[in-house]
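So the structure is just underneath, and the comments pick up after that.
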Amino acid sequence: MAKRDYYEILGVSKNATKEEIKKAYRKLSKKYHPDVNKEPDAAEKFKEIKEAYEVLSDDQKRAHYDQFGQADPNQGFGGFRSDDFDLGGFSGFGGFEDIFNTFFGGGRRRNPNAPRAGADLQYTMTLTFEEAAFGKETDIEIPSEETCNTCHGTGAKPGTKPETCPHCHGAGQISTEQSTPFGRIVNRRTCPYCGGTGQYIKEKCTTCGGTGRVKRRKKIHVKIPAGIDDGQQLRVAGQGERGLTVGRREIYILSFMWSRMSFLNVTAMIFIAKCRLRLRKLRLGMKSKSRPFTGKLKLKIPAGTQTGTRLRLKGKGVPNVRGYGYGDQHVIVRVVTPTKLTEKQKQLLREFDQLGGSSMHHEPHDRFFDKVKKAFKPES
């Protein structure tokens, strides 16, 4: 079954910018994240979205994809290789193998016994706003394929060892001859008995079933840096899967941030809080205390401050994930609507409204109480 187009998966055009691709990825990955979306196909969609983003967010991979699609251009004509044929029957045409190497991908068949690196692992971590802002140390468990401790990766039962495959005699390939009008052609294919390794395991390890690998859940300790952004990827070197006779690969931790604090919003390193004050305090000015995630901070409210005004506290925001400096905190002022007024208070407000003020000239069509209602209208 052919894979869907990566641009179609993310819902962006082929001319989309990296920022548009990143925005679409964040939106879709949150929607289909298995921890949030309980639909049966959510995990598969999430994997599909991640794969599309990994390609389209990388300039080199994206250019390759735009040119060749999802097929590997190095495969030539359906993976046809010169190694599959012995052209020895054409003794008078010594250059034919070179020609086939040129046109059909060339290259020798990969040695199945050659060292192979393990796989990179990915772990998705959900963070609260506080954890993303201040960092977090925690233990995580990841599924991983590791070397079997019973046979030490040989796949053979302890006390025995792999033998030379009796079918291919250790070559890893089986040859069949075919006569044609053009001469003799020898077709080589991977030995189905040993899988191309050239070795035959007569008594397999009962722990790993002869594969030399076992699946385990591995616990590792990770440190999430303060100031990590939503959707940012953290690399943990040397903790991925162990390869065959080579070292470990990496783990990539993908962060998703879910704020439990309804009055907070974060953009990059900017921290935004809402400060609710009574009407008289805004009219006359005051010193207030903002309650951000770092604790109480003193804040000077100028006289005549309007609801919706944003006040900046420099260096009181989220730490920089790279370890230097802090962002700014922005406090948005909101007026607290009085719910119960005495007759005297109502009369004073009417008198205040009749007196007017300089602000009335900027909005001649809004009465005072209309402004108050507008100021306290719930935000959508």
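From the backbone N, Cα and C atoms, a Cβ is placed for every residue, glycine too.
What Swiss-Prot says about this protein:
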- 5-69: domain 'J' (DOMAIN)
- 135-217: zinc finger (ZN_FING)
- 148-155: repeat 'CXXCXGXG motif' (REPEAT)
- Cys148, Cys151, Cys205, Cys208: Zn(2+) 1 binding site (BINDING)
- 165-172: repeat 'CXXCXGXG motif' (REPEAT)
- Cys165, Cys168, Cys191, Cys194: Zn(2+) 2 binding site (BINDING)
- 191-198: repeat 'CXXCXGXG motif' (REPEAT)
- 205-212: repeat 'CXXCXGXG motif' (REPEAT)
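On its own chain, Cys165 (Zn(2+) 2 binding site) has Gly172, Cys191, Tyr193, Cys194, Thr197, Gly198, Gln199, Tyr200 as residues at least 6 apart in sequence with a Cβ closer than 8 Å to its own Cβ.
Under the three-state DSSP scheme, Cys208 (Zn(2+) 1 binding site) falls in the coil class. When Cβ neighbours within 10 Å are tallied across all protein chains shown, the highest count among the binding-site residues Cys151, Cys191 belongs to Cys151. Take the mean position of the Cβ atoms of Cys165, Cys168, Cys191, Cys194, the recorded Zn(2+) 2 site; other residues of that chain with a Cβ within 8 Å of it are Pro166, His167, His169, Gly170, Ala171, Gly172, Gln173, Ile174, Tyr193, Gly195, Gly196, Thr197, Gly198, Gln199, Tyr200.
Each residue contributes its Cα atom, and for Cys168 (Zn(2+) 2 binding site) and Cys151 (Zn(2+) 1 binding site) those atoms are 24 Å apart. Report note: the Zn(2+) 1 site is defined by Cys148, Cys151, Cys205, Cys208, and the residues of the same chain whose CB lies within 8 Å of the CB centroid of those residues, excluding them, are Asn149, Thr150, His152, Gly153, Thr154, Gly155, Ala156, Lys204, Thr206, Thr207, Gly209, Gly210, Thr211, Gly212, Arg213, Val214. Every protein chain shown contributes to the tally, and the Cβ of Cys208 (Zn(2+) 1 binding site) ends up with 21 other Cβ atoms within 10 Å.
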